[in-house]
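Here is what Swiss-Prot records for this protein:
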BINDING   73-80, 174-178, 243-246  GTP binding site
COMPBIAS  540-551  compositional bias 'Basic and acidic residues'
DOMAIN    63-336  domain 'Dynamin-type G'
DOMAIN    569-657  domain 'GED'
MOD_RES   Met1  N-acetylmethionine
REGION    73-80  region 'G1 motif'
REGION    174-177  region 'G3 motif'
REGION    243-246  region 'G4 motif'
REGION    275-278  region 'G5 motif'
REGION    337-362  region 'Bundle signaling element (BSE)'
REGION    362-529  region 'Middle domain'
REGION    363-627  region 'Stalk'
REGION    540-559  region 'Disordered'
REGION    550-553  region 'Critical for lipid-binding'
Amino acid sequence: MVNSQGKITDSNPVPNHVLLNGLTDKAEKNQGIGNSLCSQYEEKVRPCIDLIDSLRALGVEQDLALPAIAVIGDQSSGKSSVLEALSGVALPRGSGIVTRCPLVLKLKKLINEDEWRGKVSYQDTEMEISDPSEVEVEINKAQDAIAGEGQGISHELISLEVSSPHVPDLTLIDLPGITRVAVGNQPADIGRQTKQLIRKYILKQETINLVVVPCNVDIATTEALSMAQEVDPDGDRTIGILTKPDLVDRGTEGKVVDVAQNLVCHLKKGYMIVKCRGQQDIQDQVSLAEALQKEKDFFEDHPHFRVLLEEGRATVPNLAEKLTSELITHICKTLPLLENQIKENHEKITEELQKYGSDVPEDEHEKMFFLIDKLNAFNQDISSLIQGEESVGEDESRLFTKIRNEFHKWSAVIEKKFQRGYKAIYKQMEKFENRYRGRELPGFVNYKTFEIIIKQQIKELEEPAVDMLHTITDMVQVAFGDISKANFDEFFNLYRTTKSKIEDIKFELEKEAEKSIRLHFQMEQIVYCQDHVYQRALQRVREKDSDEEKKKKTSSMSHDEVSSVNISLSEILEHLLAYRQEATNRISSHIPLIIQYFILQVYGQKLQNGMLQLLQDKDTYSWLLKERSDTSDKRKFLKERLARLAQARRRLAKFPG
């Protein structure tokens, strides 16, 4: 028996309730290795392992990693023999790859029962097993059903549950043996496929990697340990299992002891050494119970390996105890993180599911209300947008902010057009004065010159105003389209109908807005301002136009140029500046008003009314609410994930800890 410190306390043989290479030997069931393996864990072990097994059965592993022990090894490393010794059942054996699917081996110790029970689960199949001899056959059937009858492999799990008073409380994941060369009907890239499957499991930080290595090979060259070191370079979550110590060449036993004592290739969790049934033992029909007794005798009598037994590093019972202890410690360590991950995933999926909404009702009456809700939500988003109250991301700007920026640019364009250099204005006025001044004496303002200049300057602003209209219209159309996508993306016909309305209304209102803008500029060709308004503006210009500023205006001109500028030109300039102030105020405000009215207010209102008109034709409800093919599948997928995680949260909440 093995005590809690892993030492041998007596030499009683282990029970004889084992398989004899597919046959059952029921001669002795009075005491089993499991009786001594988990005595200190009776209240803690099973609940911990059951919790993780139940989460795995729920499919939570599809969403996040669960604590596990994964068993890996090269072909012919003795991996199957180790698992047989732990479980008491024969697993598939033979040449080539015999483990073709990941096998979740759930061992459950029965305290007050003697009856052996087994269950194989895969896909939608669940097979109860009453005799251990049936396990190998059922596992092979499951692998053929999942991976085909050839030599291919699959990532899909097979679950084998063994309940017996003679097994430890333990869950292991057996992975295919590592192969290098395709044999027989195996795919040419079987080596790559196998390593890819193994790496998928051992890469996870939640997995303890159980690496099986024969004693009679150089440990540094084994592929399994090399793969484990790639994903766990510090050896924090790797346990080495040394097998076949009876095949070690004479004189090399000391090297094996050094490896087992963690002196060669260091692993923080260390090494164990076991001697399981070999092929000859199987042919001689040596039972697993007999094999365990022979293993114990082997280590007790071996001059080199006896020390490993004394240190608790040898035999299958000690291995079972260590694995159970490591798994429980690992589960307890990862539970808080697991609980947080499940909570975060639950919240994330809940939020994602909201984007897909609820299922479309089958009842026509309910379908109408469903469509009304959809249209109202869309119209509310449009209202928020045109009122400048829509929700945006941290690094995003509201539509109205973007439009306001365009209006600021428009004001800058006006200033740039009006504020030409004084020298250029004087030259322009001089040209008009020479061309249009008639019989007036110097000092009399030529109104024609003033009128032509101001009309020309205002006319130059018309096309920039129309360009601004097109820019803002495109911005609004994109924003409306984004709202349509956010609300109706899963309903292809409704989304397409909405986009069509957005485009049609845009085309109509953009034409109306452009017509209004051009009409405004036509009216601006009438030079007009209220008398009292103009007089105040002219007075401000004249007060500002001091002698010093006049000097600055003409300082860049030559003496000849200054002498050619007469009093009438100065007078025209003052009138131009005065009128420009009032024209600037009108144009800089009125053009944005036109755009806001047509491209925000009317556009939004017409779109909202157009969407509500869809309710008038009841025959189109089903057509409008026809979902994209992937939408319902995605919603179903998210609901299933949410249900899994919700169940997982409830089970974690009930766990005593």
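Any Cβ shown, glycine's included, is placed from N, Cα and C.
Overlay of Swiss-Prot feature records on the structure.
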residue	record	DSSP (3 states)
Gly73	GTP binding site	strand
Lys79	GTP binding site	helix
Leu175	GTP binding site	coil
Pro245	GTP binding site	helix
Contact between the region 'G3 motif' (174-177) and the region 'G1 motif' (73-80) (3 or more Cβ pairs under 8 Å, separation 6+): yes
Candidate with the highest Cβ count within 10 Å, taken from the binding-site residues Gly73, Pro245: Gly73
Around the Cβ of Ile178 (GTP binding site), the count of other Cβ atoms that are within 10 Å: 21
Neighbourhood of Lys79 (GTP binding site), C-beta criterion under 8 angstroms, separation at least six: Val71, Ile72, Gly73, Thr99, Asp174, Gly177, Val212
Residues near Ser76 (GTP binding site) in space but at least six apart in sequence (CB under 8 A): Gly177, Pro214
Proximal but sequence-remote residues of the same chain as Leu175 (GTP binding site) (Cβ under 8 Å, at least 6 apart): Ala70, Val71, Ile72, Thr99, Pro102, Leu197, Ile198, Tyr201
